[in-house]
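The following features are taken from TrEMBL:
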type	residues	note
TRANSMEM	28-49	transmembrane segment
DOMAIN	39-290	domain 'G-protein coupled receptors family 1 profile'
TRANSMEM	55-76	transmembrane segment
TRANSMEM	83-105	transmembrane segment
TRANSMEM	111-128	transmembrane segment
TRANSMEM	140-161	transmembrane segment
TRANSMEM	193-214	transmembrane segment
TRANSMEM	235-259	transmembrane segment
TRANSMEM	271-292	transmembrane segment
Amino acid sequence: MSNTTIIVSEFILECAIESNQKTITISLLTFIYFLSTFGNLLVIVVIILKPHLHAPMYIYIGTLAVIDLANSSILIPKMLSVLLLGSPVVSYAACVLQMFLIGHVQEMESFLLAFMAVDRYIAVIYPLQYASIITNKKIGMGILVSNICGAIFISPILIFIGELSFCRTNIIPFCFCDYSTMVRISCNEDPKYLSSMSASVVITGVFPIALILLSYSRVTIEAMRISSEGGKSKIFNTCATHLLVVGLFYGPVSLVFILPSAGVKMTTETYNVMYILGNVLPPMMNPIIYSFRNKEIKKGIHGLFTFKR
């Protein structure tokens, strides 16, 4: 049978999740979305309402909360609609837009986490000069650069999507529009389409990760020079929260790419679950981490719910 190219104007999203697991999945996603939305909005409101939190570190945290809110809102409602409605039809334009938005916010968060690591490095290495080195204006520039980088690095992938042709099916066996899945259901066998994604992941991942590792290696060296245990503990506590957030962001998604490269076979269902968790857990956990570990944010949240008589 010859491969006849189909002019595709719409796709059918089909979550590869066992029918007996759908109810649990829907309940779990609803719970995660509620916590993500409430937690991130709470962090944003606290930072806006408390003038003493209008400082560089908290502006970064507030921006991270905005990105996480956007990320979960782009992903989870669409996944819930797919699970609840069966196999909904999505237009080609809407599919491309969703891929752009997902890629943009994730690339932006990657660069933002790197800039936050540099912020912690300067706070530890140059504590007396910190206020003059890190200003709100420079933070604003860093956020703008993260935004621009997110758009630039996802754009080549969108160009390749426009070149894909479909001769077998227009069913995407995934809960949302995903580039690698679309390449696999297309009839384009040129490896450049998957290698372009790998190159984008490497470029946008290596630079932020390298910056994070470099910053924290210098912080560790500085901590080792301090004789007092209290001083060391203070430095590591300053950085621990951000490191938790970094690990949560890179960990699950990295496994999705590393395990197949190591020869570990993953079923479509396993890939879906790992990829989805890697995308929806960080937006839920980040506000929880900052609420528990950051004294000023914890104090601000407590103040919002404490009514003075």
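Glycine residues also receive a Cβ, built from the backbone N, Cα and C atoms like all the rest.
Automated prediction, rather than curation, is the source of TrEMBL annotations.
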- Message: At a C-beta cut-off of under 8 Å, are there same-chain residues at least 6 beyond the transmembrane segment (83-105) that contact it? List them, or none.
- Response: 8-15, 17, 22, 25-26, 29, 67, 70-71, 74-75, 150-151, 153-154, 157-158, 161, 171-172, 175-179, 182, 279
- Message: Can you tell me which parts of the same chain pack against the transmembrane segment (271-292), counting only residues 6+ beyond its ends and a CB-CB cutoff under 8 A?
- Response: 15-17, 29, 32-33, 35-36, 39-40, 42-43, 61, 64-65, 68-69, 71-72, 75-76, 79, 102, 106, 174-175, 178, 241, 244-245, 248-249, 251-253, 255-256, 298, 301
- Would you report the average pLDDT that the model assigns to the domain 'G-protein coupled receptors family 1 profile' (39-290)? 82
